[in-house]
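These notes are about the structure you will find just below.
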Amino acid sequence: MSDFQETLFEGYGQRFQIDKLLHDVHTEHQHLVIFENARMGRVMALDGVVQTSEADEFIYHEMLAHVPILAHGLARRVLIIGGGDGGVLREVARHRDIESITMVEIDDTVVQTCKEFLPNHSAGTFDDPRLKLVIADGMHFVTSTEEKFDVIISDSTDPIGPAEVLFSERFYQACRRCLNDGGILVTQNGTPFMQLGEVQTTAKRLHGLFADWHFYQAAVPTYLGGAMAFAWGACNAESRKLPLETLLQRFVGSGIVTRYYNPHVHIAAFALPQYVLHAIAKPSND
Ligand code: SAM
């Protein structure tokens, strides 16, 4: 039985036993493998970095979708950058009031392969009539589109290779341009314990661009190094300060049954540890 050794961090990493190799292909953009692991279910990796596993993807995709959409309260148009496995699409599509979902994914092979080998991630939502799937570079899309969105979700790989541009100042500026009044941007921003520099860089790039910026966290076992950070950029500073009652009303009203997200977790997720607050130069009462 062979192993998958993640290569994200020099000298430190995680190993998955490959119980069955399901797919291994060099796409136009990256090296894609999908394999079965007895403990984590089906696992996908891109360029040696674990992207998602069936066992815990619900944590990541629920937090990436429901936090901004329920905080916004009136979201109708959502843009997903990346997200080719379909997990965040599935969670966004559960919101009945969302009228339009645009997904801009650079690698069509990821979409097609995940439809086949990770069908529970998208759960058929690639056929949702509200979806417009655009196979393109997310950076090019946000810098050239005339469309506006209420929520933008960047569910990209790490800032190496094709996703490097999705962590640039120009990308965040373009996302800000594409947001309606009251709009919210959230992004995958790595695990602060292992990638604190990425959080610091994003903080500097969001500062001054949004009325409110911060990070929220969730521990996703598949993402090595502790809690995963999600960057938050909101056009309305009140979006992060909603009372629990409001979030509870919206959550119950959505009729969505979750396995990880709830309004208490939503609020708690924005409480950051001192070392992260210090790194992003924020007071502990922010
Ligand atoms: N949940 C994963 C994580 O936290 O790392 C991300 C999963 S999703 C598979 C990441 C997607 O971002 C991939 O499908 C990849 O092709 C896509 N991607 C990378 N760079 C991109 C770009 N510049 N524009 C659009 N999609 C991009």
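A Cβ is built for glycine as well, from the same backbone N, Cα and C atoms used for every other residue.
In TrEMBL this protein carries:
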type	residues	note
ACT_SITE	Asp155	active site, proton acceptor
BINDING	Gln30, Glu105, Asp137, Gly138, Pro162	S-methyl-5'-thioadenosine binding site
BINDING	His61, Asp85, Asp155, Ser156, Thr157, Asp158	spermidine binding site
DOMAIN	6-235	domain 'PABS'
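Features recorded in TrEMBL, as mapped to the structure shown.
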{"residue": "Gln30", "record": "S-methyl-5'-thioadenosine binding site", "Cβ within 10 Å": "21"}
{"residue": "His61", "record": "spermidine binding site", "Cβ within 10 Å": "26"}
{"residue": "Asp85", "record": "spermidine binding site", "Cβ within 10 Å": "26"}
{"residue": "Glu105", "record": "S-methyl-5'-thioadenosine binding site", "Cβ within 10 Å": "25"}
{"residue": "Asp137", "record": "S-methyl-5'-thioadenosine binding site", "Cβ within 10 Å": "18"}
{"residue": "Gly138", "record": "S-methyl-5'-thioadenosine binding site", "Cβ within 10 Å": "28"}
{"residue": "Asp155", "record": "active site, proton acceptor", "Cβ within 10 Å": "27"}
{"residue": "Thr157", "record": "spermidine binding site", "Cβ within 10 Å": "22"}
{"residue": "Asp158", "record": "spermidine binding site", "Cβ within 10 Å": "20"}
{"residue": "Pro162", "record": "S-methyl-5'-thioadenosine binding site", "Cβ within 10 Å": "19"}
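Cβ neighbours within 10 Å of Ser156 (spermidine binding site), excluding its own Cβ and spanning all shown chains: 25.
Distance noted between the C-alpha atoms of His61 (spermidine binding site) and the residue listed as 'active site, proton acceptor' is 9 Å. The CA atom of Thr157 (spermidine binding site) is located 11 Å away from the CA atom of Gln30 (S-methyl-5'-thioadenosine binding site). When the Cα atoms are compared, Asp158 (spermidine binding site) and Gln30 (S-methyl-5'-thioadenosine binding site) turn out to be 12 Å apart.
Mean pLDDT for the domain 'PABS' (6-235) in this predicted model: 97.
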